[in-house]
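As written in TrEMBL, here are the features:
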type	residues	note
DOMAIN	13-199	domain 'YrdC-like'
BINDING	T35, H67, R122, A142, S182	L-threonine binding site
BINDING	R58, N62, T118, S144, S152, R195, Y229	ATP binding site
Amino acid sequence: MTAPNPRILPYGEAAIAEGAAIIAAGGCVATPTETVYGLAADATNAEAVAGIYAAKGRPSFNPLIVHVADRRAAEAIAMFDRDARALADAFWPGPLTMVLPLRPDAPIAGLVTAGLSTVAIRVPQHRAMQALLAATGKPLAAPSANASGTLSPTRAAHVAASLAGRIPLIIDDGATNGGIESTIVALGGEPRLLRPGPVAAADIEREIGRWLGGAGEAIEAPGQLASHYAPRKPLRLNATAAQDGEWLIGFGAVAGDDSLSNTGDVTQAAARLFDALHRADAGDRAAIAVAPVPEEGVGIAINDRLRRAATR
Ligand code: TXA
Ligand code: MG
């Protein structure tokens, strides 16, 4: 039997009620967050979590982020030190994920953390994810709602194209406004930045009064494997003009066929990045080129994703 294509329901009471019912029954549902669309399931239910891995075709060693409604719910799952409290106060709800020691009594399926003694956790800000958390009353495990290794989704249509026939429901609340996956910081020892994102490393350092180390050991955040977020077509970086057969994604003074931001605004560029890559990948040119983006603010996270997208 083939699974139905996902239903796409606009955000609202009906969509949240249906989403919550699917999650209560052990299924998974795609929902927007302020960063990218996520594929959410009950983090306390191992079979439900297995369903996420199956739908994404994700290697089972790659652990998932747990989303909770508030800091209190997070403290029931992870152990907070002083740094973690400071960062929760400063940046939650919002696009910051903290990797913290898992409480031994945490009601989280082992598959969520892929057996690690740490857990990645965040309090999202988006109304749809918050409504789903309230309606289910469960912590929700949610990776980005795309097939493993492909571009992250910032629109319901991206999810539908990537996971057609694999999930029952997408809650559609338009394009996400952040556009880039959350910043991931590991605490509970020397603080380290595992993934750059919308919350700048410098702002985290200011809050905790210490410098952040980089991601050190192999596959500490397995999603940081070199080739990730990849389009199907070859991607050339730092392009100032299109070569034969290329679709040029511009930025600032480099106009291109499309632009991340005509005015050279990195925040706008972050919000448009994956949408622009999806469009370029679906278009009729054989290759993609992207103009240089300054290595400042969220531009650091944009360049991180672009380097990975260009690696194959
Ligand atoms: O913005 C986001 O973070 C989105 C939305 C849906 O919340 N989610 C997201 O999830 O990007 P995902 O699964 O695509 O990326 C999660 C990253 C992976 O790189 C994974 O390896 C890392 O978090 N991770 C999860 N648990 C970890 C842990 N215990 N230790 C280290 N890294 C961990
Ligand atoms: Mg992902």
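One-based numbering along the chain as shown.
Even glycines carry a Cβ here, placed using N, Cα and C.
Because the structure is a prediction, the values reported are computed rather than measured.
Features per TrEMBL, on structure.
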residue	record	DSSP class
R58	ATP binding site	coil
H67	L-threonine binding site	strand
T118	ATP binding site	strand
A142	L-threonine binding site	coil
S152	ATP binding site	coil
S182	L-threonine binding site	coil
R195	ATP binding site	strand
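Taking Cα separation as the measure, T35 (L-threonine binding site) is nearest to S144 of the binding-site residues R58, N62, S144. Note on R122 (L-threonine binding site): other Cβ atoms within 10 Å of its Cβ, all shown chains, come to 26. Cβ atoms within 8 Å of the centroid of the Cβ atoms of T35, H67, R122, A142, S182 (the L-threonine site) belong to the same-chain residues T33, G38, I65, P95, T97, P124, M129, E181, site residues excluded. Ligand 1 lies under 6 Å from the Cβ of S182, out of the binding-site residues R58, S152, S182.
S144 are the binding-site residues among N62, H67, R122, S144 whose C-beta comes within less than 6 Å of an atom of ligand 2, given in sequence order. DSSP assigns T35 (L-threonine binding site) to coil, not to a helix or a strand. Between the CA atoms of R58 (ATP binding site) and R122 (L-threonine binding site) there is a gap of 21 Å, rounded to the nearest whole number. Within the model, the domain 'YrdC-like' (13-199) carries an average pLDDT of 95.
Across the structure, S182 (L-threonine binding site) and R195 (ATP binding site) are spaced 8 Å apart at their Cα atoms. Closest in space to H67 (L-threonine binding site), of the binding-site residues given as S144, S152, R195, is S144, taking the CA atom of each residue. S144 (ATP binding site) sits 14 Å from R122 (L-threonine binding site), taking the C-alpha atoms as the reference points.
In this structure, the C-alpha atom of S152 (ATP binding site) lies 13 angstrom from that of A142 (L-threonine binding site).
Each of the binding-site residues R58, H67, R195 was ranked by the number of other C-beta atoms within 10 Å, and first place falls to H67. Rounded to a whole number, the C-alpha distance linking T118 (ATP binding site) with A142 (L-threonine binding site) is 16 angstrom. The Cβ neighbour count for A142 (L-threonine binding site), using a 10 Å radius over every protein chain in view, is 27.
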